[in-house]
Amino acid sequence: MAAKFKLLVINGPNLNMLGKREPDKYGSRTLSEIMSELTCAADSLNVELTHFQSNSEQALIERIHDTWQAIDYIIINPAAFTHTSVALRDALLSVDIPFFEVHLSNVHAREAFRHHSYFSDVAQGVICGLGAMGYHAALEAAVNQLQNSN
């Protein structure tokens, strides 16, 4: 059997409030429910998936630094840091691990300040507006890219 790919899902600020915060935009499911379903999907693909959520930019950066040479792919929903965090972008670039940027809502159909991302130009791809299915799409695409690169 081939070695398992190792993926990390990183979720930024306020995503711990999913299911309570603006369900019309983000849905009624909790982050725990979404990550549990994604972990099951990863298991079926022979992928070792871990996930991490923090409201702290520092904690997110440190977790990214910890992935160096330990993770094959990152799926990140930087949430509000999408529009503000050069430091988080630089952390991703420093570990040189491919990543997908995921957003539950369609950020381009929202307020103008949400249209700019510090990540999209260095991401392998951007998935937005699909709700929790965006994580599944990123998982499948990451596995496909990893399989095709080996």
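Every residue, even glycine, has its Cβ placed from backbone N, Cα and C.
Taken from Swiss-Prot, the feature site 'Transition state stabilizer' applies to Arg21. DSSP assigns Arg21 (site 'Transition state stabilizer') to coil in the three-state reduction, outside any helix or strand. In sequence order, Asn14 are the residues near Arg21 (site 'Transition state stabilizer'), counting only same-chain partners six or more apart with C-beta under 8 A.
DSSP assigns Tyr26 (active site, proton acceptor) to a helical segment in the three-state reduction. Taking the Cβ of Tyr26 (active site, proton acceptor) as reference, residues of its chain lying under 8 Å away and at least six apart in sequence are, in sequence order, Leu18, Leu104, Ser105, Gly131. What Swiss-Prot records for Tyr26 is active site, proton acceptor.
Secondary structure at Asn77 (substrate binding site), as computed by DSSP, is strand. According to Swiss-Prot, the feature substrate binding site maps to Asn77, His83, Asp90, Leu104, Ser105, Arg114.
Taken from Swiss-Prot, the feature active site, proton donor applies to His103. The Cβ of His103 (active site, proton donor) has 22 other Cβ atoms within 10 Å, all protein chains considered.
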Quiz item: Rounded to a whole number, how many Å is the Cα of His83 (substrate binding site) away from the Cα of His103 (active site, proton donor)?
Solution: 12
Quiz prompt | Fewest-neighbour residue among binding-site residues, criterion Cβ within 10 Å, set Asn77, Ser105 | solution = Ser105
Practice problem: Between the Cα atoms of Asp90 (substrate binding site) and His103 (active site, proton donor), find the distance and write it as a whole number of Å. | Solution: 19
Quiz item: Helix, strand or coil: which one is His103 (active site, proton donor) in, per DSSP?
Solution: strand
Practice problem: Determine the Cβ neighbour count for Asp90 (substrate binding site): the number of other Cβ atoms within 10 Å of its Cβ. | Solution: 13
